[in-house]
Amino acid sequence: MAEDKYNLKNPAVKRILQEVKEMQSNPSDDFMSLPLEENIFEWQFAIRGPVDSEFEGGIYHGRIQLPAEYPLKPPSFMLLTPNGRFETQTKICLSISNHHPEHWQPSWSVRTALVAMIAFMPTSPNGALGSLDYTKEERRALAIKSRNAAPKFGSAERQSLINEIHEYMLSKALPVPEKKVVQTGNEENELEGQQIANQEDTETETQPAEDDEIVQEANGVPSNAHVAGEASNSVPANERQLLQKLETKVPKQADDRLLTWAALGLTIAIVVLLLKKFMKADGHGAVFLNQS
Amino acid sequence: MQNQDGQPAEPETETISSLPTSEVNDWANYRDDEVMQQHSAIQAEEAGKIPFVGDKEPLSSLAEEYKSGNPILLEKIKVLTEQYAAIRRTRGDGNCFFRSFMFAYLEHILESQDRAEIDRITVNVEQCRKTLLSLGYAEFTFEDFFSLFLEQLESVLSGKEACISHEELVQRSRDQSVSDYVVMFFRFITSGEIRKRLEFYEPFIQGLSNTSVEQFCKSSVEPMGEESDHVHITALSDALGVPIRIVYLDRSHDDKGSVSVNHHDFTPAAHEVTDANTGGAVALEPFITLLYRPGHYDILYPK
């Protein structure tokens, strides 16, 4: 990519190119991050809101700046998507995420830091600078909004990278599970609530989204469902239930057919037995026996 | 390093009370920027005073430093002068042990042209690489540091390529992009060795900082600028199979008031330095001597 443009003798450049390669060869569903082609010390990233939190389903974009002394000095992170946990356009204080900058170590990487950031989202900000303490509802609303469009930021080249990352994340991240908390709260209304939730889900997706995005969603759901079957832990509740319904429907049809065949077989058996008995009682059987 | 028998509880409580926990928490309230600025300000100040690796100075300069100081120290310096000729100071940036070791080792190879030693240490370095991989380190996070160190090794030995001069070695040791990378290489080696022999190091680390081995490596070994202790020295010496002599210059003295200078030899575990040909242990007279004053290491040159 940028091999010819940069001085490969520069240890930072060498390392960064290695990280790009590693990021591309081991892609994750939880995050994506790539440098700008014009400057490999400037990266864009997106992380997926952690499962089982109010950020679930959210796609949060941000930028990373790597210092000239990278990896001996830590990178700095900044979020661009409003999320209710970190201020946007402000350097994230990674020291609050156990990544004390004075304890930064070169064995960490952009990947490590992004994983840490995801894990850190649901924790309490404790009034730390650059942190926000929005309510769960507000954060969930922002999570839904975050999927609709990637943030607008920077040069055209950067924007196209942001959009590319957004498309990738949309194909990986499940939609925001709505009313999840309400569902677990009152079980009686669960079914109703779920139906409403599903309706709302489609509504919110439909209203502001562009046509191609709906197509994306439509494509996304079944493929996600397959993944969900394997790792049901990471699947939001209503998705899981939907999946179970699908699963139980298919075997039911097979069961019905089996039952029909069994009933038919039984009827035949009974008829045969009755005939036999009838023949015996009639003496026909005896006649046959005597004859032989 | 070794505590007296039968009092395992005491050092523990001691370290708990002496741990600056409040200080640690206070740090969390600083912004990254401020912390980094503060750090680089301190570093810049230090850099103005002394390069990463200084020039060789006669030991009399040390006596000069304590001219009007503690009489015990002056007495000890006098004793030192009998055995040692010179001192080479390193910058007090928390990396001084690793930096001193780096220069002393490379200088030794440059002067001795000991090919066998390079071959031997290269085997150990390969072993350390495997250790880090088995501990779950991603190779791309440490390979650059390894290759840079091996490059330096090759460059001090006259062979295929022209061997660098002593002057060049000093220059490289003062060049941050080389010097810091080699320091970081030693930090990787040290961390890998400690994690690999967790059971062995655990009690020492417990006594030293009352943290887990994992936490100790994370906060006191791998980050640049974290000072070294006997645990680091033991681990580095063991992992690379290089004996190190540390001469202690402090105010301690015995009851009779007579002054002697203590030293401790960190001798790598024997099995790692057996000679492949004879099967016997290789002579372990340390060729690296460092002077320790509380909080700092410099290089000492024997007469």
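If you go along the chain as it appears here, the first residue is 1 and each next one adds 1.
Keep in mind that glycine also has a Cβ here, set from the backbone N, Cα and C atoms.
Because TrEMBL annotations are produced automatically, they should be read as predictions rather than curated entries.
Listed in TrEMBL for this protein:
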- B:1-23: region 'Disordered' (REGION)
- B:14-23: compositional bias 'Polar residues' (COMPBIAS)
- B:85-303: domain 'OTU' (DOMAIN)
- B:Asp93: active site (ACT_SITE)
- B:Cys96: active site, nucleophile (ACT_SITE)
- B:Tyr248: site 'Interacts with free ubiquitin' (SITE)
- B:Asp250: site 'Interacts with free ubiquitin' (SITE)
- B:Tyr292: site 'Interacts with free ubiquitin' (SITE)
- B:His296: active site (ACT_SITE)
- B:Tyr297: site 'Interacts with free ubiquitin' (SITE)
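Structure coloured by features recorded in TrEMBL.
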{"residue": "B:Asp93", "record": "active site", "CB count, 10 Å": "19"}
{"residue": "B:Cys96", "record": "active site, nucleophile", "CB count, 10 Å": "24"}
{"residue": "B:Tyr248", "record": "site 'Interacts with free ubiquitin'", "CB count, 10 Å": "14"}
{"residue": "B:Asp250", "record": "site 'Interacts with free ubiquitin'", "CB count, 10 Å": "14"}
{"residue": "B:Tyr292", "record": "site 'Interacts with free ubiquitin'", "CB count, 10 Å": "22"}
{"residue": "B:His296", "record": "active site", "CB count, 10 Å": "18"}
{"residue": "B:Tyr297", "record": "site 'Interacts with free ubiquitin'", "CB count, 10 Å": "24"}
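For the domain 'OTU' (B:85-303), the model gives a mean pLDDT of 90.
A gap of 5 Å separates the Cα atoms of B:Tyr292 (site 'Interacts with free ubiquitin') and B:Tyr248 (site 'Interacts with free ubiquitin'). When the Cα atoms are compared, B:His296 (active site) and B:Asp250 (site 'Interacts with free ubiquitin') turn out to be 11 Å apart. Of the candidate recorded sites, B:Tyr248, B:Asp250, B:Tyr297, the one lying closest to B:Asp93 (active site) when CA atoms are compared is B:Tyr297. DSSP assigns B:Tyr248 (site 'Interacts with free ubiquitin') to a strand in the three-state reduction.
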